[in-house]
Amino acid sequence: MGLNKARKKRLTGVQVGLLESSFNSNRRLDAQRKLQLATALSLPPRQVAIWYQNRRARHKNQTIELDYKTIQIKLDSTLVEKERLEREVDLLKQQLHKAHEMLLTASDYPPAFPLSSHSASDGGDDGGSSFPGRMDGSWGSPPIEELYATCLASPEHQPEKEYPHPHDFWAPSVVYFKNDTEEE
């Protein structure tokens, strides 16, 4: 075995360069090409074949490592997105729970704008009024007003695009809030 190691010599830079360029053009080595390379490089054909076999194995490992890194980057990105979506779902669940509680509380209150049986316009002056407040002087149901304000004030839940008409058949199904002070 010691004789084989003494006989084996390393390839020169020129030999490696020629083998690499040949490998890049064709990863498989046929018998004719093996003899051409062996003659051009002054190497035994068996050494050229072994170099090709080793180079294919290195190439396969490099490809696997590159694929692994690409998949790892995609996985990391997906995990970050998953965590963001989980936080958003938790926030939406909290908002839904709060809105549900406000609606339940609001259903316990009388209507915000009760209609009286006599309005000021029909001449009845029995103390009834078309004034929207309740008889106790309060202004409607605070939880509904709070819910409405919460819905309007929450910028992350506003539509990203404004469509020309809220009933546009082709527009996506989103809730439209339009400020009355905006000019078109």
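Glycine too: its Cβ is placed from the backbone N, Cα and C atoms.
Fair warning: this is a prediction, and the values are worked out from it, not measured in the lab.
Database features, via TrEMBL:
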DOMAIN    2-62  domain 'Homeobox'
DNA_BIND  4-63  DNA-binding region
COILED    68-102  coiled coil
REGION    114-142  region 'Disordered'
Arithmetic mean of per-residue pLDDT over the DNA-binding region (4-63): 91
Secondary structure content, the DNA-binding region (4-63) (per DSSP, counts of residues): 47 helix, 0 strand, 13 coil
